Each structure stands twice: as C-alpha cells, then as structure tokens.
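Record features (TrEMBL):
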type     : residues         : note
ACT_SITE : B:Asp7           : active site
BINDING  : B:Asp7, B:Asp141 : Mg(2+) 1 binding site
ACT_SITE : B:Glu68          : active site
BINDING  : B:Glu68          : Mg(2+) 2 binding site
ACT_SITE : B:Asp141         : active site
REGION   : B:160-184        : region 'Disordered'
COMPBIAS : B:169-184        : compositional bias 'Basic and acidic residues'
Number of protein chains: 2
Amino acid sequence: MRILGVDPGLTRCGLGVIESASARRVTLVDVRVATSPSTLETPARLAQISAVLEAVLDEHRPEALAMERIFARSNVSTIMGTAQVSGVIMLAAERRGIPLSLYTPSEVKAAVTGDGRAGKEQVTFMVQRLLGLAEAPRPADAADALAIGIAHAWRGAAAPVGSGATTDAQRRWAEAEKAARRRS
Amino acid sequence: MRILGVDPGLTRCGLGVIESASARRVTLVDVRVATSPSTLETPARLAQISAVLEAVLDEHRPEALAMERIFARSNVSTIMGTAQVSGVIMLAAERRGIPLSLYTPSEVKAAVTGDGRAGKEQVTFMVQRLLGLAEAPRPADAADALAIGIAHAWRGAAAPVGSGATTDAQRRWAEAEKAARRRS
C-alpha cells in the first residue's frame, strides 16, 4: 500500500511517500518538503504548498494519506497557518477520494521508536533505520512526514511479540501499544 | 465592484455577494450559507463548504473577496475548523486571482454600525438597512458575510462628513474611522 505522510506547515510542509509491503516492511518512495516564504501573503503561500502537494499526489497516487493531528499550542500565529494548510490538504485528499487518517505526535513517536515522548533525533534515527536509508532524512519535517506514514502503515497491524518476522523496532512498537492499552 | 464577503465556519459558512456602486451605495446580489454536518469527517465537511463556495464564485465572478480575520478564541475545536475552512477559501481565491482582504470583527462592526462593539442584532439591522432589504438576512452568518463585504466596499472610501451623499450610517462610519485613527 502506498501511503503519503504529511507533516503540515505553512513555512515547511513535509511530504513523505512510502510503500508498505507484507511483513510490516516499509520502503521509501519519495520525500519532499514544500516551502513558502513568510514574505508572501497567506493565500499565495497556501498555493505554493498546494502545488507541491498536487504534484506528489499526481506522481505517486497514494492510496492513503496520514497527517499529524493539530492541537492548540502556545504559538497562535503558527497554529493558524498549520490549520489552514491542513484544511487545504484535507480537501485535496477528499477530492481525490483518498482516505485520510490523523495521528498525534505521541502516537507517531510511539510507532517508530516505541516511546511516545521520544526526541526528534530519535525519530529521525528510527525512520532512517526502518526505511533502510543510507542517510538520515533532512530536514526534520521530512523525517516527521515519513514517520507519520510509517505510523499509518503499522496501525493496528502490530506483529505478535516474539514472532519470527519481528524486528527490534517492531517489538518495541508492539510493547508500546500494549502499554498504551493498559493506560487507557 | 462585485465583492464576496465570507464569514468562515465549518458548520455554517456565510457567503454574501454585494455590488458596490458609486456614492458608496451597496446592493445585494446573493447570499448563501454553506453548511456541513458535524457527523461527517472534516475532509468531507470541507468539500461540502468548498462546493458551495466554488458555485458562488462561478456564478457571480466577484472581483474581490473579504473575509473575517480569525483569532484564537477559547473554543479551540471550533477555531481549528474555522482556520481549515479559511485556508480552503484563501486557496480558492488565489487560484482564481481574486484579491483577498481580511477584517477583524470590530472593523466590520464599526463599518456597518459605527460601533466596533455593536451586537449581532445591530449588525443585522444595519446590513438590512444599508442593502435596502425587506427582511433581515438570516441566519447571523448570512448577515455577517454581507457586513464583511460592506466593510470592504467602504474601506478607505469614507464619504466626507457632511457631504450631500452621506447617510446617517455613513456619517457614523466616517466618525468611527476618525476616532480609530485618533486612537492609533
């Protein structure tokens, strides 16, 4: 299954395309960071981000779109731009009939590192390892977009702990899932 | 000049089209309220609002779009949906090359009532009067959208106080503008 992971933002919007095969293996297809300068007005900035998004959708035809769920943060001006971008992305997905799923940052961190409070470096390291990349994906927005895609690929499909196909990372993810279920 | 005023919202999005002629006269062209049920997922809700917006843009070809400027409010879930809708509207305007202006609620209230802290009933009453409507525009989202359009039509074009063409409302608007300039 081809998945587009999106880390939404008006200044930088991470767009990571992965292919999720059997045995919970994920491979990198493409990763881009759409940018727009803060010197432009918001409508023009949204159009720049949208143009890159539409190009990625045209080229890779993902079957699913996964995006970070947005919460209110202290920086109100940033959150407004992020919400506006997320609206544009949601509409693009809906118009193409692509199902969209939302994940909190801690769900994504737990998926790729086993720890919902993992730092950015740890997420980047695990994304590189899980996708078998020679170099770490940069900037952080690219790694985050790929992490969101991986979280979606693995959602509800945790391999049983101790099964032959399970990697260290997958075992930690399954354990994190179990721990999360115990807490809720 | 044909102006589309937009009161953005995910549950109800007011869309008011007015024609602004000489002597600061404004007339109603069309007013609609696009709605979407909260039972739907956000992408589908954005698509419903977008479809009505695109129909209004196709039919009336406004030369300018005026929208309420969004600020953080206490209800975070509402503000996120409003911001997402506003992103969709901004992108639609940009794609069609329609210039977009943003107005704060108090700027809009000052424009149509002369008082930046006017209540909803007062805004509705003045919109009805300024547009010469037999009935008050309902719901409030419709009246607000029209008020935003009127605020844009009158922006920076306040008739000189005491000139023959000035109505009571226009005189109050000019006075409110002067008062605002004194305060800033």
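Note that the numbers count up from 1, one per residue, in the order the chain is shown.
The backbone N, Cα and C atoms fix where each Cβ goes, and this holds for glycine too.
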According to DSSP, which kind of secondary structure is B:Asp7 (active site) found in, if we only use helix, strand and coil?
-> strand
Which residues of the same chain, at least 6 positions away in sequence, have a Cβ lying under 8 Å from the Cβ of B:Asp141 (Mg(2+) 1 binding site)?
-> B:Asp7, B:Gly9, B:Arg12, B:Cys13, B:Gly14, B:Val33
Only counting partners 6 or more residues apart, tell me which same-chain residues put their Cβ under 8 Å from the Cβ of B:Glu68 (active site).
-> B:Val6, B:Asp7, B:Pro8, B:Leu102, B:Tyr103, B:Thr104, B:Pro105, B:Val108, B:Asp144, B:Ile148
